[in-house]
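Can you read through this structure? Questions will come right after.
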Amino acid sequence: MFTSTGSNGLYKAPLSKSLLLVPSAISILLTLLFQHYQKFFAYNLQAIKEDFQIWRLVCGRTICLDLKDTFCSSLLIYNFRIFERRYGSRKFSSFLLGAWVLSALFDLLLVEITQYIFGITINSLPSGFLGPVFALFVPFYSSIPRVQVTQALGYFSITNKTLVYILGLQLLTSGSYIWILALSGLVSGICYNSSILKVHRILCVPSWVAKIFSWTLEPIFSSAEPTNEVRVGMGATVDIQRQQRMELLDRQIMMSQVAQMRRQRQQQGGMINWNRLFPPLRHRHNANYQDHHASEQDAPPPTEVSEEQVARLMEMGFSRGDALEALRASNNDLNVATNFLLQH
């Protein structure tokens, strides 16, 4: 099915863009030009515990010193940008802040447990923004719908989430003690998302801090809105052109479904009135719209909407309210709802 998620880039994700550019640039500079400064960004647990060099928690848990870790974590952040679009930059940054703090505590706890049980002394861990990256797998697993794309060897399902899990596995196997960072990140993600612990009420970015960053940094890292549609034949390879033709065929199928729905309404004695079906979308900001309450009285009970389909529409960049209204009006038909939202 045609979606616009892949072509949106970093639109409406300034924090994700900053996490991609700034730490990656510093990591490359430290590796290629300033190797003698790498010692200040080492995640040295012994220096933190014995010499109380707390600043190493900030430096050592922000910048990767291994370019393989930089590459994998950057790709994962790019894929996880969907959460910033869905929840907003402030809520996304609050999750990253909470996961960063919790994973730092769990890092120290797991190191002590490992030493107590196995007698292994761990003086340093891999550097980088790895704890919050692994923590993002928790909402990715629980809130992103799993859609099968194809099958490998006829038995193994390839879904829209397979590549992200492969990247996470690659990052997990890149170092000897990185499993500690992965485990602490996953546990911190579970704790932050827990409705019982309510950690999100304590570890969050204040609104005034979010406003300051939105005034100062957001204009620097914001991206322009891209065009969603590409003409057939403009692809650089045969595979891209084939994919574009498939997308065009998909849109034609959706249009034929809309036409079929109109013919069915004509046979029943009336045309489809999109203005009546979608009043909140077309007249949300029109204060003079007076027929809205009258139509609600005559309308049947709202159709039950699938949360999975709502999530798929939100992945395309539509708001939750628009997705709900479109699915209710189209009788839970995802193709018809998508077609309307793309054209209005």
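From the backbone N, Cα and C atoms, a Cβ is placed for every residue, glycine too.
Found this in TrEMBL, in case it helps:
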| type | residues | note |
| --- | --- | --- |
| TRANSMEM | 20-37 | transmembrane segment |
| TRANSMEM | 95-118 | transmembrane segment |
| TRANSMEM | 124-142 | transmembrane segment |
| TRANSMEM | 163-187 | transmembrane segment |
| DOMAIN | 304-344 | domain 'UBA' |
Among the recorded stretches 95-118, 124-142, 163-187, which has the greatest number of Cβ pairs closer than 8 Å to the transmembrane segment (20-37)?
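Against the transmembrane segment (20-37), the leading stretch is 124-142.
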Quick one: DSSP breakdown of the domain 'UBA' (304-344) into helix, strand and coil?
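Its residues divide into 29 helix, 0 strand, 12 coil.
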Check the domain 'UBA' (304-344) for me and report the mean pLDDT.
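Mean pLDDT, the domain 'UBA' (304-344): 76.
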